[in-house]
Each structure stands twice: as structure tokens, then as C-alpha cells.
There are 2 protein chains.
Amino acid sequence: MSTPADPVIKPLPMRTAFFVSDGTGITAETFAHSVLSQFDMPFRQIRLPFIDSIDKAHLALRRINETCAIDGQRPIVFSTLVKTELSDIVRTSQGLYMDLIQTFVEPLEQELGMKSMHTIGRSHTPADSAEYRDRIEAINFSLAHDDGQSNRNLSQADVILVGVSRSGKTPTSLFLAMQYGIKAANYPLTPDDFIRRKLPPALLPHKDKMFGLSIAPDRLAEIRHERLPDSTYASIENCRYEISEAEKMMQREGVRWLSSTTKSIEEIAATILQEIKTEQRSG
Amino acid sequence: MSTPADPVIKPLPMRTAFFVSDGTGITAETFAHSVLSQFDMPFRQIRLPFIDSIDKAHLALRRINETCAIDGQRPIVFSTLVKTELSDIVRTSQGLYMDLIQTFVEPLEQELGMKSMHTIGRSHTPADSAEYRDRIEAINFSLAHDDGQSNRNLSQADVILVGVSRSGKTPTSLFLAMQYGIKAANYPLTPDDFIRRKLPPALLPHKDKMFGLSIAPDRLAEIRHERLPDSTYASIENCRYEISEAEKMMQREGVRWLSSTTKSIEEIAATILQEIKTEQRSG
């Protein structure tokens, strides 16, 4: 007998998507998300990282085929396996095999007139490279210069984010450091600064590196309420005052700024990066 | 007249690679790096993010074609443009066009028996989604629980990293939070703990969430020397002692651990994630 809570339509079993990689699988996964998000349906997602031997490739193959049997429909397999002896194994699964690397490497080999290296785990910079050390150094720098903690070596900063408390400075700074190796300091604009009507003195020599974050007062009040409920700090009146003063100050001082209200830290970071540099080299 | 410093062989002009996106371009860029790294040559890299209008698509097209003329060879164009009215414009450039999304969306439409949404900027979670808020909350949590700063709410942590000073706990915690929305606390193992021969008391109720990081003593000494040159803290003898004691303690207490010596934070994070959870759902 059917109760009122029974679903009227039995949902289709969920499709499974596998992210198979010889490394961390982060690239495969992030990228596959973009592709899957084009479809208005949920996917059960399974990460299979560090598939770097024939044995592990066979285990991955078995797991995919077992899932196919259980689901009763083909899994989607996103693979960044580079070595052909590994991808040739996983490719034979009953899933829909999408080769994220080889699909583009082949036309590139033609265009560049050279063979690819078929190396493994090159999707991220190795831990002993200068680029990797720069990233770690940038993370340490950004942490040490979070929230105006230190004025030491501000001249080494690539960018200095300013804005009122909880406008998004800290996560953006860390993201810039982690993703791009950018040394991003951040500095709060506080009611003290608004009364003095001047930027914090330590920042004055670095105006060209400053970038402001603003935010809609109601969103700011919401975020601050989560932190300190029912405080003056979080009140909408105070948020309106601080934002209005901060925006006036940035305008007066010629500091570029953007609103973080509807932007993710990725979007804020990419916008800032466009302002401070648009070209990079890699080798 | 030629001076001894002149290069004997004139290098080929560098190829330019464009990363064109309607959003931040981060997915396009990270992914294209994996593909380009399969070739043993440098690429000049230009990011063209936020190409979200017909006008901007025409500007991108012009920039690519100008670069083609200047370089005297075809640029490589990696695109994650989703809307066909935009990709149709950039696709006509003189560069080699690689459509990172459509290439996989088409076979998926067939497999899934449904049309894709052709939406824009879906590669990252929108700033107002629950998933995004969880990530920001995780970043704040990880920062508040960096280096044993706070024992409050340790029960809310998804993972607690332990290890000696400078073994890689902080950047790994932040990466876990930022990339996966994992609440990652981290806690130092110090000489005090080694003398007491016990884990820090605050951690004892949370043993199942603990994950240790170790590191080769000579690498640790190198990292510590950069921070505090010629200190006892950084001396190889002290590093050997701390690492040996930390590893003994983790073994005694049954804490899983790995060596961070040659691993990037991505690799450490992916390994930890495999231990604590291998499946995720998304909608």
C-alpha cells in the first residue's frame, strides 16, 4: 500500500562519473566538473587518483565495470592517464571513456611537429621546482601579512588587498598565493582610518599595489552576524557606514576596487590578476 | 660584429597559448597546463578571462590574430567558452582552436540522451551556493585552527594534521579547505610532547581524524634554515631528533602518516582525502 510520503515517480538510478588520474586527479576532477555541470542532473562522483601502475589500472578497470553492473548503466570515465600502457587498460572498461589529455595532445603533436613526452603526473608543478617553492613562499607571505598583522617586507608584496572586516580579503589573498604564487598581503580599513580620513600609514608607499574589496552592506551584515550575532559590528547601520566610508576613501585615494558581493574568490582573484598582470611564461 | 655573448643558434620564436574563458579561466588554464606540459618546449601564456559578450569575443579574436601575425606562427587557443554565439566567433581565429568543453559535451549528450544547458560560468560553484559557503567556512576554520591556535570546536574538524614545525601542515590544511571544503585543523608536535611521550592532550579524543606529516630531516633542516638561519631549531641534529621522535610517537599512537619530502601540497591533500573519503556527490 502506498503512503502519502511515497515518491510518485521512481527516480532513475544516478549516473556515476569516475575521475581517473596517474596523479592527484585534481585537474581531472575540476575540469570534469565544468563539463558535467552543463547537464541538469546529479552525478555520483568517484575519484581514482594515483593510478600509476598496471596493477592499479586493472583495479580501476574492475571498479568501473562493477559500478556499471550495479548501476545498470554506463559510468562516465574522465581520464588524465598519460602513459598509454595504463590508459589502454582503463579504456577497455564498459564506461564512456573520455581521454582529457590525448584528445588534445594529438592535434598539438601535428601542429607543433613534435612528439609529446607521455610523462606522468606533470599536471602539477613538482615539489622540488622553483615554481612550487615560490607558491609555498607566497602562501607563507600571505599568512604572515593577513589582516594587517605585519608591515615587514610589504614592499615584497605583489598586491595588497584592502577593505572593511569580512569583505573577503583573507580567502582571496590565500587563493592568489596558492593558485598563482602571488604574494598577497591584506590590510583592514577600520573606523579609526575613517575618522582620520586617511589610509593606514604603512600602506601609503604602496598605493600602486593596492586593490580594494567592497561588498553590499546587507550581505556584509549577514556575514558579520554569523560571526558576532546582534553586535554593533554586525548591525546594518554600522555596515552601511563602514562601506560608505571605505568606498569614499578608496575613491579619494585612487585605489581600484570591486564589489565582492556576488563574486567567488576565484572570480575576485582572476579580476585582480587581470589588473596586475595578464601574461605569464612557463617552460 | 658578433660578441662572445651572442647566442650561436637563434631560438625559434616562442609559441603563444591563449586560455579563453567566459569565467575566471582558472579551469581552462590549469587543464591546458597539463596538456602543454606534455611538450618539451616553453609557451608564452596569455589568459583571456571574462569573455562573456559578443564584443569581448571579437576583442579576443583580434588579439589572437594579432599575436599570430607578430609571432609568425599559429597560437594555440584553449577555450572553455560555453555559449556557441561566443565560441563561434573565437573559433574563426587563425589559431589552433581547442574546445575544452564542447569536445566532451557532445558525446555526453548522446550517452545521456539529453541536451546540455550551454550555460555560462558554471565551472566554479556560484558565490551564493551552499557549497561555496562551506568552502569559505572551511577556510576560516582552518585558519582559526592553524598551528594548534585553538582547541575550540576541534570536534567539527574533518581532519587534524599533526607533525613537527615546517613539515607542511599549514599549506596542506589551507589547500584542503580551499579546494575541497574540508575543515582541516593542524597541530604541531613539539619537543615538549616528545619529553612527555604523549600526544597533545586536546587531540586524544580525535585520534580517528588525525593524519601525520613527516619529512626527511635534511629537507626539514633546509626549510628551517631559510626561516631561522644557524639556529638550534634548524640544525640537522635537532631535525633528526624531532622527526625520529615524531615518527615513533605516531607509530605508537596508531596515527597514519606520510612523508611530505617530495610531495606537493596537492599530492599530500589528495592522499589524505583518499583516506578520509573517496566519494562525493554533486548536483
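Heads up, the Cβ atoms here are built off N, Cα and C, so glycines get one too.
For A:G163, A:V164, A:S165, A:R166, A:S167, A:G168, A:K169, A:T170, the entry in TrEMBL reads ADP binding site.
Remark: A:G168 (ADP binding site) has A:L213, A:I215, A:S260, A:I265, A:I268 as non-local neighbours, by Cβ distance under 8 Å and separation of at least 6 in sequence. Least crowded of the binding-site residues (A:R166, A:K169), judged by neighbouring Cβ atoms within 10 Å of its own Cβ: A:R166. Sorting the binding-site residues A:S165, A:S167, A:T170 by the number of other Cβ atoms within 10 Å puts A:S167 first. The residues near the ADP site, meaning same-chain residues not in A:G163, A:V164, A:S165, A:R166, A:S167, A:G168, A:K169, A:T170 whose C-beta sits within 8 angstroms of the mean position of the site's C-beta atoms, are A:N186, A:P188, A:L213, A:I215, A:S260, in sequence order. Its own atom aside, the Cβ of A:G163 (ADP binding site) has 28 Cβ atoms within 10 angstroms in the protein chains shown. In the three-state DSSP assignment, the secondary structure recorded for A:G163 (ADP binding site) is strand. In sequence order, A:P188, A:L189, A:T190, A:S214, A:I215, A:L220, A:E242, A:I243, A:A246 are the residues of the chain that are 6 or more apart from A:V164 (ADP binding site) and have a CB within less than 8 Å of its CB. The subset of binding-site residues A:V164, A:S167, A:K169, A:T170 lying near chain B, with Cβ atoms under 8 Å apart, consists of A:T170.
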